[in-house]
Every structure is written in structure tokens, then in C-alpha cells.
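Annotation comment: TrEMBL describes Cys342, Cys400, Cys403 as [4Fe-4S] cluster binding site. The feature region 'Disordered' is assigned by TrEMBL to 290-312, 412-434.
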Amino acid sequence: MGRTLAEKVWEQHVVRRAGGEPDLLYIDLHLVHEVTSPQAFDGLRMAGRTVRRPDLTIATEDHNVPTVLGPIADPVSKAQVDTLRKNTAEFGIRLHPMGDDGQGVVHIIGPQFGLTQPGMTVVCGDSHTSTHGAFGALAFGIGTSEVEHVLATQTLPAYRPKTMAIEVTGELPFGVTAKDLILAIIAKIGTGGGQGHVVEYRGEAIRALSMEGRMTVCNMSIEAGARAGMIAPDETTFAYLKGRPHAPSGAARDAAVEYWKTLRTDDDAVFDTVVEIDASTLSPFVTWGTNPGQGRPLSDAVPAPEETDDPSAARRALEYMGLTAGTPLTEIQVDTVFVGSCTNGRLEDLRAAADVLRGRKVVTRTLIVPGSMRVKAEAEAEGLHEVFTAAGAEWRAAGCSMCLGMNPDTLAPGERSASTSNRNFEGRQGKGGRTHLVSPAVAAATAVTGRLTAPADL
Ligand SMILES: CC(C)[C@H](C(=O)O)[C@@H](O)C(=O)O
Ligand code: SF4
């Protein structure tokens, strides 16, 4: 019987298999940030161990850094960042500190440097590691004790997950983006829909996505409960990798591409679960509740709890969000707009926001935060920062920013945002803050009107 893409990459990395035990997987790339690494390094020190492959390990500062460059005022954030600096220096790991031109959100810099490549195993002490699956890598988040294990051995014990195919047929209509697609997928299968599975996104609409769009989709796999998300590499992938600093070049590239082409699910392979979705039926999508599965087309209204799969959760969510069933979603007023994060902080996302904001003015506080300093430089080379500042938006330095309340960019209690990030949990963007997840284009249009708006309605 044929094998799925996930099975091929998994099998390629098994270094030890024994009955009743998890497989021991070799790890090709280990990404590290300040939040989930301190105890792991402490563990190494206590055991007198070194980092097995510092050359396959790379660290960045992202969650705790301010996006207006300067000293870190919050003592906890400062301690985390200082600890990462000390640990990476002591263990010989490359670090991209705040202000460095290679710094950025961990899931933005791996692909940007060409470190993330098809067929690799990629781990990080961070749930959105699934982003890297867009390259046909098997990429997943791990806990802090696993971070220590990978640092020490470059391997990870893991049980083989089940496989799920999400077949996206048809074409996305004009103005409907990768973010709308993944929000619609999560609304359909639920936040537990992918549990225990590696999801492979397949079909015509996926093939038509850019690498940026594919990363947006894979990024949010975890919000559907999946262990990882993957997309088979193709010409789009190979073209994206070409010329990146860590991607193979010359004869090595030719050989790599030959191998990468084999990284596809065999025609006769069988998935444990198959879900189908027709892209041509989709429209801009937003969340109304407090988990990423509580979403609807923007042209709809806030649902009545009884209309949803989980009425009691919906009731709680509506109360927290301060929303009344039946209100058209386009009548919801927001105070703040955030464009950024590892979901939508790449150049293409900033271009989409700029296309909407060009020649217009924002009426809300609007933060535009590039996912990395490299994205910032590229955006500035195209003059996007001028579009943003002329519109009255704030143009910041790279970091996780308002994706989560671990740095100065937060919502005040009761404030409402339209946010291109991936989580709308209670308090995610600051205590009492209310989050509506949207695409960059919808975020920008919302900044112009002050209420949830699709660009087509401007
Ligand atoms: C802080 C980190 C552990 C966390 C994660 O794992 O995802 C964060 O990045 C997030 O997005 O919530
Ligand atoms: S941008 Fe948001 S989702 Fe991504 S790593 Fe940072 S906090 Fe997590």
C-alpha cells in the first residue's frame, strides 16, 4: 500500500523503533525562543550535558520584545530575554536578538532563511511550529522537557499520529484569502477536529496558494487540534527556496529538488480521515467568539447559541465578547486593528493590507507589525511603511506583538480588536480584551471604517 507524505517523512527519520515504545525521531531543525527554553537549558546544565547539534539549532527573541525598539521595561520579559542570551552564548547557539536584522518571530525566520526545507523534521517549544509544514516538513510544537531532550540528543521520542486529508476543491473567489480558508476549515471541523492527526492540505485551491498563504493555513492547524499540518512541496516551494541563505544551491539543489519531488502522498495511500471543502463557496471569514472555531462569513450575523454546535460555550463566548445574537457582523465596532504575527506577518500580508490602506485613513488605533526585521526591510524597500504611516497606522519593529499579551502591545479591558493573529481566547491580547480573527485585507478595511468590513464593501 502507498504511503502518505506524513508517513514518508516520519519513516525517513526513525532512528529507533521498539514494541510498545514511541519511535525515536531524528530532528533536522530545532527552533528556540525565550519563553519555553529557560528550564530546558537549566536541565542541561544540571545534567552536565552539552547541545548535541548547535548547528541545527537557532534562537530568536520574539514573544517578550517591545516593537518600539528600546530597553525592555517589564522585568519578567527582560529576565526571559537576558536568560536566552546567556544560554545561547554558553551553549554556542546562534541567536538573533532584538534589533538584529535576522530577528523575528520564530516561525517567520526559519522559512525566510531557507532553514525550513521539504522532508525535514522541525520542532520548537511552540505550538505554531505547524507553520513549517507548508514546505512539506513534518513540524510540530513540543514541551519544555522535550526541548531539553532535543537539545541534548537531537532526537525526540514520539508516537506516530493518524493522518487526515483536507481536500480543498475548486478555486477561492477573488478577495478570499488563505486566512479565510483556514478559519472556514476550523469552523467546519471544530477546534478538536484534527486531534491526534497530521493534516495534509490538498487539492486545487491549496496548490494555487503562494508559500505565504500555505504558511498561514498550516500555522493554524494547531487551532483545529491537529499535531501538524503539511502541504506537499511543488514548484511554488522550490521557487520560494531558491537563493535563500541556507537552502541548497547548484548541484546540491538539483539533487535536493529530485528528492523533494518524491515527497507526495502516493495515489493508493489511505488517510485515516478525509474532509472535503469547496473553496468556491467561501467568502471573507471572521470569528465572533472566543475560540478559532467560532467563526462565520463576515456577511452573516452573530449566531444565536442554539444555532451552534455547543450552545453553552457560545453563550459564554457572546457574554465575554459583549455581543448580541442577530447583530450583523459588519456592525461590530472595533477599537484596535492588528496586522502581524506568525499567521499573517509576512510580506504578502503587509502588501494586502497596504493595497487596502493606500490613499485612505484609519479611524482606529492600527498596529502594523512585520513578522521579522527582514520582512520590515523588504516592506520598506517597496515603500509600504509610507502607505501605512500616511494612513495613520503605526509601523513597528518585528515581534509577536499583540498576538499575545507578553509584551507592551496589548488591549485594555473591554477593548475590541480585529486581528490577523491565530487565537481569540479570553484575555489573549490583554486581560478583558476581545479579539476577532480576520485576514490582513479585512483588518485593513476594518481600520478604515472602524467596524468589521470586507475590502469589497469600502
Ligand atoms: C509562548 C508559546 C509557548 C505559545 C505557543 O506555544 O504557541 C505562543 O507562541 C502562543 O502562540 O500561544
Ligand atoms: S506570533 Fe503569536 S502565535 Fe506566533 S509564535 Fe508569536 S505568540 Fe505564538
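One is the number of the first residue shown, and numbering goes on along the chain from there.
Placement of Cβ uses the backbone N, Cα and C atoms for every residue, glycine included.
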Please give the sequence-distant neighbours of the region 'Disordered' (290-312): residues at least 6 beyond its ends with Cβ less than 8 Å from one of its Cβ atoms.
183-184, 186-187, 189-191, 193, 220, 223-224, 282-284, 318, 320-321, 323-330, 332, 422-426, 437, 442, 452-454
Same-chain residues at least 6 beyond the ends of the region 'Disordered' (412-434) whose Cβ lies under 8 Å from its Cβ atoms:
128, 179, 219-220, 223, 286-287, 289-292, 294, 320-322, 332-345, 349, 402-405, 440, 442-443, 446-447, 452
For Cys400 ([4Fe-4S] cluster binding site), just give me the three-state DSSP call.
coil
Cβ contacts of Cys403 ([4Fe-4S] cluster binding site) (under 8 Å, same chain, 6 or more positions away):
Phe338, Gly340, Ser341, Cys342, Thr343, Ser419, Ser421, Asn422, Arg423, Arg428, Gln429
Give me the sequence-ordered set of same-chain residues, not including Cys342, Cys400, Cys403, with a C-beta within 8 angstroms of the centroid of the [4Fe-4S] cluster site's C-beta atoms.
Asp62, His63, Val105, His128, Gly340, Ser341, Thr343, Gly345, Gly371, Gly399, Ser401, Leu404, Ser421, Asn422
Measure the Cβ-based neighbour count of Cys400 ([4Fe-4S] cluster binding site), defined as the other Cβ atoms within 10 Å of its Cβ.
29
